[in-house]
Structures are given as C-alpha cells and as structure tokens.
Ligand SMILES: Cc1cc2nc3c(=O)[nH]c(=O)nc-3n(C[C@H](O)[C@H](O)[C@H](O)COP(=O)(O)OP(=O)(O)OC[C@H]3O[C@@H](n4cnc5c(N)ncnc54)[C@H](O)[C@@H]3O)c2cc1C
Ligand SMILES: Cc1cc2nc3c(=O)[nH]c(=O)nc-3n(C[C@H](O)[C@H](O)[C@H](O)COP(=O)(O)OP(=O)(O)OC[C@H]3O[C@@H](n4cnc5c(N)ncnc54)[C@H](O)[C@@H]3O)c2cc1C
Ligand SMILES: Cc1cc2nc3c(=O)[nH]c(=O)nc-3n(C[C@H](O)[C@H](O)[C@H](O)COP(=O)(O)O)c2cc1C
Ligand SMILES: Cc1cc2nc3c(=O)[nH]c(=O)nc-3n(C[C@H](O)[C@H](O)[C@H](O)COP(=O)(O)O)c2cc1C
Ligand code: FES
Ligand code: FES
C-alpha cells in the first residue's frame with residue numbers, strides 16, 4: 001500500500017502534516033507522537049526576529065471550534081536554526097517551516113537564513129488575521145499576494161507553499177495569483193476571522209477583540225475552498241481546516257488535496273495526527289485501494 | 001422592562017425574529033410558537049413566480065452546523081399574498097418578507113406586489129449561495145449591491161433590509177454600499193459557502209455540490225461581521241448566524257445588532273426562538289437592565 | 001392532536017441483529033396520537049450534531065405511553081444512540097408525517113431492510129386479510145417472528161439463505177399472493193419495483209419514502225420528492241416527505 | 001516520567017458546596033507521577049467543546065491510581081462535568097505543569113476560592129511546619145476540615161461570616177503568622193496581594209497562575225504570562241503557564 005505523496009518534488013511518506021502553530025516546534029508533541037511517522041512536521045510561524053505576540057486571553061472556545069489570537073509569538077529564526085531544526089532532524093521528521101513577517105523584507109530574511117538548513121518546504125503565511133502589519137494584508141489582495149510570492153520565490157532555496165486566507169470573496173483568484181507568481185504549492189485554509197463576546201463581563205473574550213476561527217466548525221468552508229482551488233490551479237494543495245479524524249482528512253484528499261494538515265485537533269487529542277494516518281490506512285485497506293494517489297481529487 | 005426595539009421606524013415588541021427559510025411561512029411552526037410573541041416572523045424567500053429549487057439531497061449535517069442547498073424553492077408571491085400573509089396577520093405577527101429573484105426586475109416585481117400588503121419590512125436576499133443566477137452575485141460586489149439596493153428601494157413601499165453575504169473579503173464595504181444606496185437596515189449573515197463529501201460513496205453529499213453553512217459553527221464569524229458593520233454604518237442591523245440560545249443572541253446585541261434572527265436552531269428545537277426571548281428577559285432581570293436598548297452595541 | 005416536542009426517556013434498548021437496535025421510548029401523550037407509518041425526529045445528545053434523526057414508529061403502546069423504534073447503525077448519530085442505556089433522556093419530536101391510509105381491503109405489506117420496522121405496527125392495526133413480505137440481505141433477519149402473529153409472512157433474501165432468493169417483488173411473484181392494496185417501505189430501488197409491480201397489476205400502492213431532513217415539520221423544504229402534478233402547497237412539482245409523506249400514493253410521485 | 005493521554009474512569013463524584021464538586025478519577029500510572037501544584041486537562045464528553053478544562057490536582061492516591069479534583073461550575077463544560085456519575089469515562093491529559101517546588105522551610109500556604117484545592121495535596125506532602133490560610137466568599141466553606149489534619153488553618157471570608165473579615169492577606173497580617181516560603185493559588189487580585197506582601201516581608205512566594213489554554217503542553221503559546229526577564233524558551237518576555245508554570249516565583253512574573 002502506498003501512502004507516499006509528492007509536493008513540489010519533495011516526497012512525503014504519507015499525506016499528513018501538522019497545522020502550523022498547533023504543534024509547536026514538534027518537540028512538545030514528541031512525547032505523544034513519533035515525529036518521523038508523520039508526512040512532515042509543520043512548525044509554528046517564525047519571523048526574522050522574536051515576536052512577543054498579543055496580550056492574553058489569546059484563545060477562546062467556540063461551538064465546535066476555537067478562536068486564537070496568539071499573534072505569531074515566536075523566538076525568531078535564529079533560535080529555530082539553533083534549537084528546533086536540529087531536534088527535528090534528529091527525530092527524523094520531514095520539515096515544513098512556516099514563515100511570517102511584517103514586511104516583504106522580513107519574509108525574505110527568514111527564507112534566506114533557512115536556505116542551508118534541513119528544511120524541506122517553506123510555508124509562507126500571508127494569512128494570519130491576528131497581527132496588525134503583514135500577515136493577512138498580503139493575503140486578501142491578489143496583486144499583493146502576487147508580489148510577495150514572486151519576491152519570496154526568487155530568494156527561497158526550498159520550494160515554497162503560499163498559505164491562503166479564507167477571508168476572501170474568491171479564493172480561486174488568490175490561488176491563481178500565487179500560482180502565476182511561481183508558488184510551488186498552496187496550503188489552505190488559514191483561520192476565518194471571528195469574535196466572541198463574554199456577555200457576563202460585557203467585553204470581548206480575546207484581548208485582541210478578533211481571532212482566527214479553526215476546528216471542525218470550519219471544515220465545510222475549507223473543503224469547498226480546497227475543491228475550488230484544486231479545480232483551478234495545477235500546483236499541489238495541502239488541505240486543512242477542522243480535520244479531526246481520517247474521514248475528515250479523506251474529504252480534503254478526495255476534493256483534490258495532495259496532503260492535509262491536522263491543526264486544532266491536536267489540542268483535543270495530542271495523538272490526533274497519528275490516528276488520522278492510521279485511519280487513512282484502514283480506509284484504504286477496507287476499500288482495496290493500493291495507492292493514496294487514486295483518491296486525490298477523485299470527487300469531481 | 002422594555003424589550004421593544006425599532007427597525008427603520010417599525011416597532012418590534014422584542015428583538016427576536018426568525019431566520020428566513022428556517023421557519024417556513026410561520027404556519028408550520030405555529031403549533032409550537034405563538035407567532036405574536038415574536039418580534040417578527042421572517043418568511044422564506046419569495047420570488048415573483050414559483051421556483052422549484054434544487055435537486056435533493058438538499059441538506060447535510062456538519063460539525064456544529066449544517067449545509068443547505070434548498071435553492072430558494074418557493075410558491076411565488078401570489079400564493080404568499082393569498083395564503084401566508086392573511087394567516088400571519090390573523091396570528092398577530094409582525095412580518096418581514098424575504099425577497100429573492102434572478103434579475104433586478106424580479107425583485108422589483110415582488111416588492112411592488114407587496115406594497116399594499118400587511119408586511120412590515122422587506123428583507124432583500126442578495127446573498128443566497130445556492131442559486132445560479134441572482135442571489136449571491138449581487139451580494140459579492142459593492143457596485144452590484146449598490147445598484148440593486150437603489151433600484152429596489154425606489155420601488156419599495158415598506159422599509160428595506162439588505163441581507164448581506166459573509167462570503168466577501170470586506171463586509172464593511174458591502175454595508176457601506178447598501179447604506180449609501182438607501183437601504184433602511186441590514187441583516188447579516190447569510191450562510192458561508194461550504195461543501196461536504198461522502199467518503200463512502202466518493203461523491204458530494206449535496207446534489208448541488210456546495211451549500212450554505214449555518215448553525216453555531218459560524219457564530220464567531222457572524223458576530224465579528226455584525227460588530228464590524230455596526231462600527232461602520234448608522235442604519236440598524238439584524239444579526240444572525242448560529243444563535244441557539246439567549247447568550248448567543250446577546251452576543252450579537254452587544255456587538256451592535258438592534259435585533260437578531262434565530263435560524264438553524266429551529267431545527268434543533270422548534271421552540272428555540274421563544275426560549276431566546278425568555279432567556280434575554282432573564283438576563284435583563286438578573287442584571288437589572290430596564291431597557292434592552294442599553295445592551296445594543298455596549299461592547300466596543 | 002398535534003406534534004409533541006418532548007424529552008423522552010429510554011425505557012429499554014436491546015440489540016436485535018447485526019447493527020440493528022430496538023428501543024422503547026416513553027413519549028407521554030405522543031403515543032396515543034401516533035399512527036402506523038408516522039415517524040419521530042430523534043435528537044442525539046451531542047452538541048456537534050444539530051439535526052434530528054427521523055426514525056419510523058415500529059410499535060405504539062398508548063397505555064404505557066411508549067413508542068418503539070427499530071433502527072440500524074448508519075452513521076455517527078445512530079451509533080451514539082445505540083450506546084444509550086435505559087433512563088437516558090432524548091429530545092423527541094413527533095408524531096410526524098401522515099402515516100399509512102389504512103383500508104379494509106386485502107393487503108400486501110412489503111418491507112425491505114430497515115424499511116421493515118414501520119410495517120409492524122401497520123400489520124398489527126390493519127384488520128383485514130394480509131400477506132406480509134419481508135426482504136433481508138441474508139439470514140440475519142429481525143422482527144420476522146413478531147410479524148407472524150399478524151399474517152402470513154413471506155421472506156426474500158439477497159443471498160437466498162432464507163426464503164426466496166432475490167428481492168421482495170420476486171417473492172410476491174413467486175408466491176403469487178393477491179391483494180388490492182400494497183403498503184411498502186424500503187430502499188428506493190425496492191420502492192421503484194413496487195411501483196412498477198402495482199402499475200402492472202393495477203393495484204393501489206402506498207409507499208413510504210426517505211429523504212434528508214432538517215425541520216421534519218414541513219417548513220424548510222429540505223426533504224422534497226418530485227410529484228407528478230404541481231403540489232397544492234408548494235405550487236411546484238415537489239412534495240415534502242416529512243409533512244405530505246412519508247407515505248405517498250405511488251402514482252403521485254416520481255423518483 | 002511523562003505525560004499520559006488516557007481515558008480515565010470517574011470513581012466517585014460528590015457535591016461539596018454550592019457549585020463546588022469533588023471528583024475522583026482513576027488515572028492509572030499518571031497518579032504515581034503527579035505532584036502537588038500540577039494540573040490535568042479534562043475533556044468533557046460533548047462534541048461541541050473541543051478544548052480541555054485545566055483543573056488542579058487536589059489529591060493524589062498512587063496506590064489506588066487515582067487523582068482527586070475539586071472544581072467550581074464556571075461555565076457549560078464544568079456544568080456538564082458535574083452531571084457525570086461514577087463509571088463515566090473522560091479523556092484526561094496529565095500530569096501537566098511544574099508543580100510547587102517543595103522546600104523544607106516554615107511555610108505559609110494560601111488558597112483563595114477555587115484556588116484552595118491544589119493546596120490540599122501540597123499541605124499533605126509538605127513535611128515542614130506550616131500555616132494554612134484559606135479565603136472564602138462566605139460561610140459556604142469547603143475542604144477546610146481536611147486541611148486541619150495538616151496544620152493550623154486560618155480562614156478569611158469576604159463577608160466576615162467565618163474567620164477574619166477580608167482577604168487572605170488580612171488574615172495573615174491579623175494573625176501575624178511567620179514563615180519563609182509562601183505557596184499560593186487563587187484569583188489574580190489575591191496573587192497580586194501575595195506578591196506585594198512577600199516583597200514587603202522579604203519572603204519567597206510561589207504562586208500558581210491561571211490562563212486560558214489550548215494545548216496544555218507548551219506548544220500553542222495561548223497561555224502565556226509576562227515574565228520579568230526574557231524567557232529562555234520563548235526568547236521574549238512571555239512564559240507559558242501550562243509548561244513553565246502554573247507555579248512561578250512571584251519575582252519572575254508580572255501580572
Ligand atoms: C421518514 C424516515 C423514516 C426512517 N425510519 C428509519 C427507521 O425506522 N430505522 C432506521 O434505522 N432508519 C430510518 N430512517 C433512516 C435514518 O433516518 C438514518 O439512518 C439516520 O438518520 C442516520 O443517522 P446517523 O447519524 O447514523 O448518520 P449520519 O450520516 O451521521 O447522519 C448525518 C445526517 O444525515 C441524516 N441522514 C443520514 N442518512 C439518512 C437517511 N437514510 N435518511 C434520512 N436522513 C439521513 C441524519 O438524520 C443526519 O441529519 C428513516 C428515514 C426517514 C426519512
Ligand atoms: C492551571 C489551572 C488550574 C485550574 N484549576 C482549577 C481547579 O482546581 N478547580 C476549578 O474549579 N477550576 C480550576 N481552573 C479553572 C478552570 O479551568 C475553569 O473554571 C474551567 O476551564 C471552566 O470551564 P467551563 O467549561 O465551565 O467554562 P467555559 O467558560 O464554558 O469554558 C470555555 C473555555 O474557556 C476555558 N476557561 C474558562 N475559564 C477559565 C479559567 N478560569 N482558566 C482557564 N481556562 C478557562 C475553558 O477551559 C474552556 O476551554 C484552573 C485553571 C487553570 C489554568
Ligand atoms: C493556536 C493556533 C495558532 C496558529 N498559528 C499559525 C501560524 O503561526 N502560522 C500559520 O500559517 N497558521 C497558524 N494557524 C492556523 C493553522 O495552521 C490552520 O491553518 C488553521 O487552524 C485551520 O486548521 P485547523 O482547523 O485544523 O486548526 C494557527 C492556528 C491555531 C489554532
Ligand atoms: C434551510 C435554510 C434555508 C434558508 N433560506 C433562506 C432564504 O430563503 N433567504 C435568506 O435570505 N436566507 C435563507 N437562509 C439563511 C438564514 O436565514 C440565515 O441567514 C443563516 O442560516 C444563518 O443563521 P443561522 O445560523 O441561525 O441559521 C436559509 C438557511 C437555511 C438553513
Ligand atoms: S424536513 Fe423540513 S420540510 Fe421536510
Ligand atoms: S496552553 Fe498551549 S502553550 Fe500553554
């Protein structure tokens with residue numbers, strides 16, 4: 001049985017990675033998950049310098065989902081290079097580094113610093129709704145997305161995956177812009193912007209007022225967008241948004257995703273990603289499917 | 001204790017109405033709900049002529065929500081005038097008629113036919129994701145929205161409420177366009193476009209492939225959009241999207257909504273709308289709030 | 001008479017066969033108003049699942065204020081339902097739909113698979129002469145013995161392990177039983193066969209349809225089937241399975 | 001030693017006081033690794049709620065493989081938790097966090113409100129001389145008698161109905177008890193008071209903080225508090241309550 005897939009020339013042993021920001025640097029979850037059993041570990045967004053992130057509360061539970069406004073707190077790319085990447089290499093994990101920045105220059109600095117590092121793929125986060133500058137501003141306008149994609153692609157040594165925001169009128173336009181600018185792959189969806197009000201305190205639940213909605217609540221929107229994008233562009237897609245189990249992951253794969261990421265589900269069960277892999281295997285056995293690639297985009 | 005609110009000069013005895021399409025014509029729910037106890041009954045979208053709607057399956061359950069692709073099946077405005085409006089009048093309900101169409105002319109025909117009818121407010125649905133023509137096409141482009149709002153407003157005798165789609169990059173732009181064109185109020189959100197795949201059958205669950213996502217899953221997105229819109233325009237807003245109970249309704253009210261609509265919750269409990277009203281009363285009692293209007297937009 | 005929106009207590013639950021469960025619910029006054037062929041909307045106690053599961057009424061006990069449902073594990077909701085023990089309380093809405101139009105004429109009752117349960121209360125209440133035809137996949141039959149109390153029972157199985165090998169229509173033809181009204185519930189292909197057979201023989205056929213539902217009470221227009229004529233309520237060629245059905249005269253509907 | 005991701009069975013549950021519940025969970029090997037001041041992430045059995053409820057460990061029984069938690073109904077999740085009976089199984093992750101750094105020096109243990117439970121196992125395990133100060137809202141006290149087995153107990157209540165009228169610091173000052181380490185858990189204003197008092201008196205203070213969490217294991221950066229210095233792990237002035245805490249030296253954190 002073959003579970004292996006390929007993203008932009010990089011072979012992954014199976015199609016399951018982790019949602020950036022929901023799996024730390026991988027180290028924290030290594031107590032529960034053999035990192036080398038994952039298709040890849042996708043790390044928390046990293047910038048050129050350390051970021052403090054937003055004030056707390058940073059998370060709020062919502063019905064079937066959660067809001068987060070962590071605000072991309074990260075220790076900066078130097079710490080990642082010194083501490084996290086060696087750890088991941090030793091653990092035998094394929095690595096997707098998620099990159100964030102305030103300006104195009106910030107992004108470029110990070111990808112350049114990573115060029116000689118044991119990093120398989122670069123995921124460029126232009127879709128974080130929780131920071132004032134950068135982030136989603138690049139991800140809601142096809143022209144801005146085109147420009148940053150082109151600029152980053154020029155400097156990046158590893159293949160790049162532009163990560164798209166769902167907070168747009170037409171996800172197909174965004175996907176086309178990223179493809180045209182040379183993105184090697186796409187990942188989607190990042191979180192939907194949401195808000196929760198504490199009616200007892202009569203105040204916002206998050207210090208940042210708004211946050212990004214993730215979890216199974218958003219899965220139907222994510223599957224729809226992945227389907228639309230896969231019907232529009234030729235580059236491979238990593239699908240995510242609300243995957244709790246193998247059935248959810250298979251929806252994305254059948255909609256056209258070459259790989260999937262397990263995000264919020266890690267908070268519900270730290271072993272979620274591994275269970276998704278096992279569940280996909282059982283599905284394939286039960287249905288006599290020899291190669292996962294038979295399932296990619298099989299629903300049209 | 002005052003629960004009464006005013007929308008475009010129309011007094012509602014309380015701020016709770018029903019989500020269009022989730023409460024039929026009101027008649028079906030009258031076995032469970034005293035229609036006159038509601039702020040208003042909002043009816044299923046009605047066109048100038050009967051519409052057949054989409055093939056089945058038309059609904060699918062999702063995690064904390066549901067998808068629908070009913071496709072605006074409706075018996076046409078003549079049947080509404082002959083059968084439904086007299087019933088609602090007799091039941092003592094304030095009435096908001098939700099209007100749909102394929103062309104601007106269709107919408108105008110409906111509002112003109114309703115001009116001498118016992119209808120309090122007209123809700124103009126330019127945000128249905130489940131029909132090929134009309135519907136959401138008007139609701140995703142500020143210019144198109146401006147044009148149709150202006151055209152409908154010119155011919156409408158009752159105040160109009162433009163119903164906005166959440167499937168846009170910037171809901172504030174849409175709200176501003178509708179306000180500028182003369183809309184008397186706004187209602188939001190309609191459903192988010194989503195998809196569900198049946199992995200056993202390897203096919204779309206809905207015959208229409210995509211459907212509109214509703215229910216508590218989408219509430220954080222809805223509250224955020226209502227907050228953004230209320231901070232942007234001066235006209236009153238009817239908030240909706242995932243309201244299951246009074247706490248949910250109060251989030252919308254505190255975010256700035258003058259009234260709220262209970263939609264998908266009717267399917268979970270046919271008495272949901274009444275329970276929301278009762279729950280708001282208890283909250284006000286518990287917190288010594290004399291007038292619901294003190295709570296409108298109190299979180300800033 | 002009307003619909004009840006209640007919290008019902010599970011009186012008993014037992015497994016009948018592979019994946020088939022038998023549950024009795026205390027539904028209060030709903031019981032005395034329920035009719036054969038009607039269904040109830042059952043809500044499972046998990047917040048992630050908002051919509052009701054429509055399940056046919058398989059038995060009515062007005063005296064003890066209970067209804068009985070027999071259901072197959074078809075997904076996550078029915079799976080959860082099957083784990084509940086007596087004493088658990090569920091939100092239930094019912095009785096819903098029209099039910100069978102019981103005639104005092106020689107009847108053929110046909111149930112296929114999980115369409116069998118609603119025929120049981122019908123068999124009990126129909127006072128006329130009747131033949132009961134039950135279609136199963138294999139020897140994993142259920143409810144068969146209970147039907148035998150109410151009439152002659154013919155069985156068909158897909159694999160031929162019990163009764164006629166084939167479908168229920170094969171069984172009816174093979175055994176050449178007569179009747180002037182057919183009452184049927186089962187999967188769509190079976191109902192198509194029933195409709196064709198009834199047309200061929202010039203019989204009335206009342207068939208119970210299935211469709212995905214949201215409201216269960218005729219409001220949301222989720223659950224329509226195509227009707228031959230423009231429907232008096234919807235004013236288009238759609239009828240609501242939850243309210244105008246689930247039982248239709250086979251001649252009225254296209255599917 | 002490590003964290004356990006298990007299905008734990010409720011051994012017993014009882015109500016202690018208004019809205020306060022006392023639950024014992026069979027957690028297997030987790031019990032023998034748990035320390036006073038650590039917490040567990042409890043998942044409630046409802047699909048609409050995805051995140052864990054962090055609850056401090058109030059008692060540890062390694063022999064019977066159980067931990068005890070005492071919690072207040074604060075919202076929908078803890079409300080649901082309070083309805084479960086013995087035998088119900090819950091997903092539990094733990095033990096989490098660092099726990100108190102137990103010293104063999106004269107101690108003052110301070111618990112306020114729902115910050116009282118974690119002090120009980122600490123009181124039990126601290127072998128030194130100690131004063132225990134418990135702050136309640138009113139005469140609706142809980143766990144007080146159990147603490148009396150481990151040391152002298154001073155009580156403060158907001159309404160003065162039991163013990164000193166005022167807060168825990170008022171009680172400490174009024175009774176002028178001495179100690180060289182303060183261990184404290186309670187609402188933020190109380191912890192601020194503890195920090196100020198410890199500074200004033202030149203004492204060490206270990207305080208247990210609370211913050212909204214998602215992962216509970218240090219990965220998501222939801223639960224940070226402000227640290228005085230740049231933190232060695234995060235490389236910014238944030239420490240993770242779930243992993244670097246919940247217990248911090250009061251001098252290290254700003255809140
Ligand atoms: C009028 C009527 C009577 C029925 N009577 C019985 C009965 O007596 N015994 C029995 O076992 N089954 C019956 N069914 C089918 C039963 O409703 C489904 O098997 C059940 O809803 C599946 O729920 P689930 O959560 O296990 O599946 P899931 O697939 O997880 O359900 C997801 C959603 O789809 C709906 N759904 C899934 N399958 C069906 C279906 N076949 N028909 C309608 N809705 C569906 C569910 O209600 C739910 O809203 C009846 C259906 C109808 C319409
Ligand atoms: C380290 C730690 C130890 C704790 N120990 C105890 C204890 O021993 N006994 C006790 O009664 N309570 C304790 N709490 C508080 C407890 O976690 C919350 O009261 C509980 O999570 C509320 O859940 P809910 O579903 O009832 O409330 P809801 O408001 O419905 O919860 C919604 C979400 O917010 C989170 N949340 C709500 N309030 C808090 C809070 N105060 N702190 C952290 N998360 C919160 C919930 O975990 C959940 O994810 C502790 C908190 C922390 C951080
Ligand atoms: C707490 C949290 C932190 C996140 N941080 C990042 C991040 O740093 N970079 C990024 O591209 N996406 C980030 N995301 C988005 C996720 O990677 C993912 O796209 C999204 O949550 C949808 O998937 P899910 O529903 O499976 O969580 C974060 C999400 C959560 C919940
Ligand atoms: C079955 C169904 C049918 C709907 N039909 C209409 C409609 O005819 N016109 C309209 O404007 N909105 C329609 N809606 C959208 C709802 O009115 C509402 O905006 C949306 O469902 C969000 O609210 P909720 O989450 O409370 O359901 C429909 C929604 C559902 C679920
Ligand atoms: S389920 Fe709503 S009309 Fe039938
Ligand atoms: S809760 Fe995730 S880091 Fe603390």
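Every residue gets a Cβ built from N, Cα and C, even glycine.
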Binding-site annotation, TrEMBL, FMN: partner of A:20, A:44, A:45, A:98, A:125, A:163, A:189, A:241, A:242, A:263, A:264 in A:71, A:215: A:215
Top Cα neighbour of residue A:44 (substrate binding site) in the set of binding-site residues A:20, A:125, A:189, A:241, A:263: A:20
Integer Å distance between the CA atoms belonging to residue A:191 (substrate binding site) and residue A:125 (FMN binding site): 11
Distance from residue A:191 (substrate binding site) back to residue A:263 (FMN binding site), taken between C-alpha atoms, in Å: 11
Of A:45, A:71, A:241, A:263 (the binding-site residues), the residue whose Cβ has the fewest other Cβ atoms within 10 Å: A:71
Rounded mean pLDDT for the residues that make up the domain 'Dihydroorotate dehydrogenase catalytic' (A:3-284): 96
Proximal residue to residue A:71 (substrate binding site) among binding-site residues A:20, A:45, A:189, A:241 (C-alpha distance): A:45
Fewest-neighbour residue among binding-site residues, criterion Cβ within 10 Å, set A:69, A:189: A:189
Within 10 angstroms of residue A:191 (substrate binding site), Cα basis - binding-site residues out of A:20, A:45, A:241: A:241
Cα distance (Å, whole number) from residue A:69 (substrate binding site) to residue A:45 (FMN binding site): 13
Which of A:20, A:125, A:191, the listed binding-site residues, has fewest other Cβ atoms within 10 Å: A:20
Those binding-site residues in A:45, A:69, A:71 whose CB falls under 6 A of ligand 3, listed in sequence order: A:45
